[in-house]
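Quick notes on the structure that follows.
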């Protein structure tokens, strides 16, 4: 789960991690009032969306007067911001962070992620702050330094200090930087983060180490332990289809193609998308209905797939183990009738009660194309949507 920058900074502040003073605003008047309350000569007006690259897209403005705050807030609120992370459709700006300006002397990058290769949290740092870390990794990987954290003891101060020296934090500010990194690590662990990224971390003219921007992502599987984090969820920033799917414990991710997929099991779902691509088609989604799909769940899955106007056909690929093929077949028939499906539908069933499942489909009287194998099904749906 993602949250906004201002929310991430609230969490960091509660752990003693240094961030600029700022206030969130939902209207132009609130933005002006926030700037007044800050009482600084320079304010930064920052668009709040769940995407990076806001500065390059014109989503961050420096205001030197209340009138400029009003002007920039008017420009940004309601604007569709397109960045390299939003896709061409962009995201509408519905809230702003009004923040005090900083006298930036130097920018750095600090981040925490889980390294799957070592099964450890890794603390990363670079003095190439303010740019995409992926770009730095591709062009100048030697400028990224890493410290691997032993989960038994956690991040040690000597590791944070070594990283601070490696990325050339001024010596007089190393202790500040160490405190910053230790606090960031504590947030990462306590809140079950998947990413904690500060880009840039800045050194200011008055000798402070501060998070100028902050990104926290959380492990969705651990959110049941964090009702406080769940309160930060902004459904406006999420795909409505994905939100609806989560209500029924369906794993749905929207893609750009025109062939809707309904599959049980993440591995089979990925293989299904691959084979559709192999035969020249484009999957419209990843949809895993799980191992215990009911008739209601299958119906909702169909509704979610069909809510995508780009979908021109549906491929249902089910291997019945825990889930029985006759239950899935009954669900498919009921869902097809309920939603009034007119698009091509190809169904491949295999596993428990497969013959009974196929019989239910054949006797339904509906226009359902049966497939004998995954490859056969993929070829048929690709041909039908052409």
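FYI, residue positions are counted from 1 along the chain as it appears here.
Every residue, even glycine, has its Cβ placed from backbone N, Cα and C.
Database features, via Swiss-Prot:
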BINDING   46, 53, 54, 55, 99, 102, 107  ATP binding site
BINDING   199, 213  Mg(2+) binding site
BINDING   264, 321, 322, 323  substrate binding site
DOMAIN    9-244  domain 'ATP-grasp'
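Swiss-Prot feature annotations superimposed on the structure.
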{"residue": "46", "record": "ATP binding site", "DSSP class": "strand"}
{"residue": "53", "record": "ATP binding site", "DSSP class": "coil"}
{"residue": "102", "record": "ATP binding site", "DSSP class": "coil"}
{"residue": "199", "record": "Mg(2+) binding site", "DSSP class": "strand"}
{"residue": "213", "record": "Mg(2+) binding site", "DSSP class": "coil"}
{"residue": "264", "record": "substrate binding site", "DSSP class": "coil"}
{"residue": "321", "record": "substrate binding site", "DSSP class": "coil"}
Chain-internal residues near residue 46 (ATP binding site), provided their CB is under 8 angstroms and they sit 6+ positions away | 5, 54, 59, 60, 61, 96, 97, 98, 99
Fill in the CA-CA distance, residue 107 (ATP binding site) to residue 321 (substrate binding site), as an integer in Å.
-> 54
Excluding its own, the Cβ atoms lying within 10 Å of the Cβ of residue 102 (ATP binding site) add up to 18
Fewest neighbouring Cβ atoms within 10 Å among the binding-site residues 99, 107 goes to 107
Among the binding-site residues listed as 53, 55, 102, 199, 213, the Cα nearest the Cα of residue 264 (substrate binding site) belongs to 53
When the Cα of residue 102 (ATP binding site) is compared with the Cα of each of the binding-site residues 199, 213, 321, 323, which one is closest?
-> 213
The binding-site residues listed are 213, 322, 323; by CA-CA distance, the one closest to residue 55 (ATP binding site) is 213
Same chain, |i - j| six or more, Cβ under 8 Å of residue 199 (Mg(2+) binding site); the result in sequence order is 109, 110, 111, 129, 130, 133, 213, 215
Cβ-based isolation winner (fewest other Cβ atoms within 10 Å) among the binding-site residues 322, 323 = 322
Return one of helix, strand or coil for residue 107 (ATP binding site), based on DSSP.
-> strand
Counting other Cβ atoms within 10 Å, pick out the least crowded of the binding-site residues 53, 54, 213, 264.
-> 53
Residue 55 (ATP binding site) has how many other Cβ neighbours within 10 Å of its own Cβ?
-> 14
